[in-house]
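> Sharing a structure with you now.
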Amino acid sequence: MELSYQALRVASQNREAEELRTEARRKNLLILIMHYLLQEGYMDSANSLEQETKISLRRFDVCDNVDLETILMEYESYYYIKFQKYPKITKKALDHDSRVQSKPRSAGKLRRAGSNSTQGLPRIAQQTVLHRPVSGSYFRTHAHQKALSRENSKQENGGNSPREASEIGLNVSAISKTSGEGGQTRRRQVIDFRSMIQDTIKGASQEIALNSLNCNPDPSERLIKPVGAFIGGNSEMRELAAVISRDIYLQNPNVRWDDIIGLDAAKRLVKEAVVYPIRYPQLFTGILSPWKGLLLYGPPGTGKTLLAKAVATECNTTFFNISASTIVSKWRGDSEKLVRVLFELARYHAPSTIFLDELESVMSQRGTGPGGEHEGSRRMKTELLVQMDGLARSDDLVFVLAASNLPWELDYAMLRRLEKRILVDLPSKEARQAMIQHWLPPVSNSSGVELRTDLDYSTLGAETDGYSGSDIRLVCKEAAMRPVRKIFDALENHHSEHKNLPVISLDTVTTSDFLEVLAHTKPSAKSLAEKYAAWQKEFESV
């Protein structure tokens with residue numbers, strides 16, 4: 001089993017390294033195109049390219065002596081040396097109607113098989129199949145086999161065979177034994193798979209750690225597939241897809257898993273649904289297929305949205321931050337179309353995560369509103385339920401993460417489709433103590449002014465019972481403001497413009513100061529704790 005675990009890890013790390021290579025290759029190609037357009041004066045085309053890729057390509061520049069024209073010239077020279085003729089780069093296009101009907105090429109996919117109308121490359125040998133080399137040893141083995149075959153053909157023909165042209169202008173000589181001795185040696189050889197796997201793990205991990213491809217996983221620099229390859233020539237779908245694409249989260253929230261204090265069960269389930277299926281797809285098949293829906297419910301300010309920000313930062317997925325204003329339209333029929341386009345775009349950009357915040361505003365119980373429910377709202381809810389059913393029956397890596405402060409108002413059909421329902425409760429005493437220590441450390445100098453504290457964290461953790469994480473942050477901020485307010489009078493009375501400001505020295509924040517702030521800052525959702533616990537007993541799914 002140990003060997004199998006190592007093999008899974010190797011496959012995961014190699015897949016991550018290959019994804020980094022592909023991402024870097026696509027980004028480098030777009031930067032080369034942008035550089036060429038700007039160099040040739042195609043300013044409007046360069047601006048359109050920058051808007052469609054959703055990243056600022058002008059922040060990057062090509063290296064010295066590298067441009068698109070030089071790369072094309074070098075390829076033509078290489079092709080001529082290898083095949084004694086220049087490559088055919090372009091061909092006459094089809095008529096306009098046929099070209100519109102043809103499907104655009106999927107972005108990010110490398111297609112090696114050419115069309116039948118394109119002139120193929122000359123065949124080197126009828127029985128030889130060329131593959132992309134993966135290491136330097138391939139060149140030595142392949143060159144040695146070709147040298148042996150040429151030597152045997154010369155001996156059979158009496159040395160009168162015509163001289164073959166060198167592929168790249170290099171003469172390669174064999175350094176190993178004859179083929180017969182080599183075959184006997186290979187039959188006696190014992191292959192140490194364990195050492196091979198360990199070497200592969202070490203090389204892959206070093207490659208990823210060194211980040212030699214300059215591929216930063218920052219969401220703001222991630223390439224987004226062009227919408228044109230998804231919608232084709234339908235103008236209505238293009239407009240709806242553009243509306244949804246604006247909610248693809250490209251900023252970096254800079255929230256890590258370790259930054260979230262507590263919420264261990266929620267973090268574990270999110271990793272099971274988003275992170276692990278991408279890293280170890282061999283494990284998530286059949287009955288072990290990943291979760292498609294997760295509901296985070298609990299009092300406001302307990303970290304539900306913060307957990308979604310961690311997903312956007314840590315998980316290498318396309319993150320759709322959807323609100324009610326995105327998928328609700330005043331025009332008849334547009335709401336359900338927006339929902340359908342949302343899920344189709346999520347499949348197109350897979351792996352992806354759809355985050356629905358304040359879910360009760362979109363999926364409240366049907367037929368319970370005063371005066372009956374509007375027809376458009378009912379159709380939109382039905383379409384959302386149908387699309388989530390389609391996710392459950394497919395193998396697409398699309399995950400729905402929903403958050404709600406009022407789970408008892410959600411439609412029961414939506415609860416069934418959200419397979420996991422996690423209560424994000426008020427923090428425990430240990431979590432509250434860690435939060436206070438995080439926001440008010442003994443010494444902090446982040447704003448340029450040194451602030452010192454002398455707090456009994458254990459006592460304050462017990463005194464803040466019923467406070468949410470957001471409430472505790474508010475209390476810490478108010479406690480830190482108390483010594484700052486004392487120096488406002490001195491700063492306002494300093495009228496001389498030529499004299500320097502006096503040295504600012506803030507008083508130490510003590511435990512008594514913190515307790516005084518607690519007396520005037522009450523928790524926001526303490527009264528709802530029992531209601532959440534009662535709903536959890538009836539609908540919990542962990």
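Each residue, glycine too, has its Cβ placed from N, Cα and C.
From a predicted model like this one, the values you see are computed outputs, not experimental measurements.
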> Ranges 94-126, 358-390: which does Swiss-Prot label region 'Disordered'?
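Of 94-126, 358-390, Swiss-Prot gives region 'Disordered' for 94-126.
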> Could you count the residues of the domain 'LisH' (25-57) that DSSP puts in helix, in strand and in coil?
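Secondary-structure breakdown of the domain 'LisH' (25-57): 28 helix, 0 strand, 5 coil.
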> Near P299 (ATP binding site), which residues of its own chain have a C-beta under 8 A away, given they sit six or more steps off in sequence?
N405, V424, D425, L426, S468, S524, A525, L528, A529, Y532
> Starting from the Cβ centroid of G298, P299, P300, G301, T302, G303, K304, T305, which together make up the recorded ATP site, report each further residue of the same chain whose Cβ lies within 8 Å of that point, ordered by sequence.
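Result: A403, N405, V424, S468, G469, S470.
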> Rank the binding-site residues G298, P300, G301, G303 by how many other Cβ atoms lie within 10 Å of each Cβ and give me the one with the fewest.
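If we count Cβ atoms within 10 Å for the binding-site residues G298, P300, G301, G303, the smallest count is at P300.
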> Of all the binding-site residues here, T302, T305, which one's CB has the most other CB atoms within 10 A?
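Within the set of binding-site residues, the most crowded position is T302.
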> Under DSSP, is K304 (ATP binding site) helix, strand or coil?
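Its secondary structure by DSSP: helix.
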> Given a separation of at least six residues and a C-beta threshold under 8 Å, show me what packs close to K304 (ATP binding site) in the same chain.
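Correct list: L296, Y297, G298, A403, V424.
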